Amino acid sequence: MPGHTLSPALLAFLLLIPWALESLANPIAGLNVLARSSTADFGHGTLSLPFRRRPSALISRSSYLPTTIDNHQLSYLVSVGVGTPPQSLYLSLDTGSSDTWFFSPQACTTGHCAGGTFDSSTSSTFTDLSTGTFLIQYNDNTKISGDYISDNLSLGGVTVESVEMALASTGAGSGPSSQTYGIMGVGYPSNEAGPAANEYPNIVQDLVSQGIISSYSYSLWLDDLASQTGTILFGGYNSAKFSGQLTVIDTLPDADGTVRSFLIALSSLNGSYNGQTTTLTSSTFTPVPALLDSGTSLILMPSAAYTIVANWFGANSDGTIDCGLADKSGSVSFGFAGVSIDVPFSELAVLDEDTQTCYFGFADGGPDSDWILGDTFLRSAYVYYDLGNNQIGLAQSVFQ
Ligand SMILES: *[C@@H]1O[C@H](CO)[C@@H](O)[C@H](O)[C@H]1NC(C)=O
Ligand SMILES: *[C@@H]1O[C@H](CO)[C@@H](O)[C@H](O)[C@H]1NC(C)=O
């Protein structure tokens, strides 16, 4: 395998990321601990939706790319029904984007739509809101286009009525890494693909306004590497899935003051092995904005920071690592304001079934890369995304 290099697509993406470190007014957000109120905890006012990892989930080099089609292919599939009567679809769950869309049968004549297609002509509750105005472009140049529509969406045993979504008429199987699943984007409406003037409520807001859940929030529990399943819990959190308490930290806005993504301040990285703790961030390290992104497989960081971590682990220059790491007991501790998350070594050697090699859980994003905390971090964290308050609740996940 050739040395680890960055694709032009990743570089382009990183250059487009709108935040600038120096513009952060308040790098360490205030913290408090979320009280375990009975309304937010699992039960009344929440909706639980299981998901499963795509069966052939394998980490390829291109999966280093944040928010790409490839990552969507690798990610977590939820089962939904669209229309009346409901048509079954599998969609990729994505916290990094904000539109929910799926393919029409016409879009799949050349591509293969593994997640299924939606035939609007057989749904009695279908409305075409805006023909030809949906266009989402991913950084590998794959474009998906179609219509904004409205229809009922069934998930987790409930039906949400008149949900704004998009029906893709092109894009299936196109691009370097063919897209075969639609996406359920659960990010902020401010991050929707359309112009700001056309901003519409996302699925989580519809769940609140239709009285199905009681708070504009959800939590994500991915379980460990060995598991093929996880849960998204809309409207609250489930304290059986984490240890200790959820510590709440503010999400950081973009340079223009708008919160568009799940960015939080990361203050330190420490490695622990053989009873010794080593600080893996340089002595001049100051808190950096780090993106929580379930659509990215690994932990991406700037080259200088990556070098320290890779040297400590003895990772190979091609981004692989000795699979024996998984059997050693040690961890990397990620420090945030008032809470730290320990990622065990067993989560940091990701087996590629095809080649029987192991990918290192950290990746070099390039000299000026942003920090992206993808699945190799998120599996160890229980994350409560409180969109209503622009806050993130973090706790150590409990594996099952
Ligand atoms: C879809 O929504 C309509 C109202 O917009 C409702 O009458 C209908 O029962 C819903 N369909 C399903 C399958 O729940
Ligand atoms: C890492 O170590 C430094 C120095 O000992 C300490 O200040 C910091 O709190 C530690 N962070 C974590 C996440 O353990």
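Every residue number used here counts from 1 along the chain in the order it is shown.
Each Cβ is built from the backbone N, Cα and C atoms, and glycine gets one as well.
Annotated features in TrEMBL:
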type	residues	note
SIGNAL	1-25	signal peptide
DOMAIN	76-395	domain 'Peptidase A1'
ACT_SITE	Asp94	active site
ACT_SITE	Asp293	active site
DISULFID	Cys323-Cys358	disulfide bond
- request: Determine the minimum-neighbour residue: among Cys323, Cys358, listed as disulfide-bonded residues, which Cβ has the fewest other Cβ atoms within 10 angstroms?
  value: Cys323
Message: With every protein chain in view, what's the tally of Cβ atoms within 10 Å of the Cβ of Asp94 (active site), excluding that atom itself?
response: 22
Field: Where Asp293 (active site) falls in three-state DSSP terms
entry: coil
- request: Specify the count of other C-beta atoms within 10 Å of the C-beta of Asp293 (active site).
  value: 25
Field: From Asp293, Cys323, Cys358, the recorded positions whose CA lies within 10 Å of that of Asp94 (active site)
entry: Asp293
